[in-house]
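Data block below; observations after.
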Amino acid sequence: MKLCVALDLSTKEECLQLAKELKNLDIWLKVGLRAYLRDGFKFIEELKKVDDFKIFLDLKIHDIPNTMADACEEVSKLGVDMINIHASAGKIAIQEVMTRLSKFSKRPLVLAVSALTSFDEENFFSIYRQKIEEAVINFSKISYENGLDGMVCSVFESKKIKEHTSSNFLTLTPGIRPFGETSDDQKRVANLAMARENLSDYIVVGRPIYKNENPRAVCEKILNKIHRKNISENDIEQNYEVIQQKEWDMCNHFEEWIKTQPDKEHALKEFYAKCGIKY
C-alpha cells in the first residue's frame, strides 16, 4: 500500500513548502484540479525539482472520447506517473484514451473514477438509478476489460472490485482518515486498518496531514503503519477475549485508556507485553 498526499492547499507556495517538508519519504503527491488550474503545468516541474516524487494528476477527465484522448495525451507529456478519467464516459472513451497513450514509451498509470466518495447512497441513486456498489462493479468491469490500470473508489468497494476483475487491478482510495479525524465533506471515509483489510493499493490523505502542525511526523507515522504488520483494530477485537483473561486492570477499560495515550504504538507494546501476548 502506497501513501499519496493531497496537495490541496490554498497557494502554490504552501504546496511547495509542504513538498519540501516531505522530501525523501516514500510517498506520492496528488495534484488536483484546483492546483493545476491555478499553478499550471510548470507546477509539476517545480515539484519534481523539490524531489523525485511520484505524481498523481487528479483531473478526473470526462468529455467526449476524442477530447478525453487529447487531454490525456497532453497531461502525459508532463511526465506525471498517474492520471484518472471518469468511467462513466464509457467504453469507447476508455478505448480511445488507451490507444492514444500506447504511443508513449512510458505512459502514466490510468485509473477510472467510479463513484466519488462525497456521494452517499441516496444522492448517488438520484443520478445513476443504481446502488453505489452495483454501479462501481459495473464501471470496474468495463474499465478492466478495456485496458485501464485500476479504479478510484472508496475503501468499501476496493475488495469487491478485485474480486470481479483481478487482484492486480489497482485501487486508489480517497477519504482516508488515518487516526479517526473528522470526515469533512467526504461521506464514505475509512481508516488505515480498513484500507489494508480491503486491499487498497494507494491511499489518499490530505487534511489530516497538511492541517497538522507537523505534517512530516504524520506521514512518517502513516508510513510506519503501512510498512509493518501493525496491530489493527481488527487484531484488537480478535484478541480481546484472550486479553480479558489476563489479570490486568486496564483490560476492562481498554478503549477509553488507549485514546488517552499520546504515543499509542508504545502504549500498545506495553499493553500486549503485560498481557503476555506477542506484539
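Heads up, the Cβ atoms here are built off N, Cα and C, so glycines get one too.
A simple way to gauge crowding: the CB of Pro65 (substrate binding site) has 18 other CB atoms within 10 angstroms, across all the protein chains here. Here Swiss-Prot flags Asp8, Lys30, 58-67, Thr117, Arg177, Gln186, 206-207 as substrate binding site, drawing on sequence analysis.
Sequence-distant neighbours of Lys60 (active site, proton donor) (same chain, 6+ residues apart, CB-CB distance under 8 A): Leu33, Asn84, Ile85, His86, Val113. Taken from Swiss-Prot, the feature active site, proton donor applies to Lys60, supported by sequence analysis.
Neighbour counts of Cβ atoms within 10 Å were compared for the binding-site residues Leu59, Gly206, and the top value is held by Gly206. Over all protein chains present, the Cβ of Thr117 (substrate binding site) has 24 other Cβ atoms lying within 10 Å.
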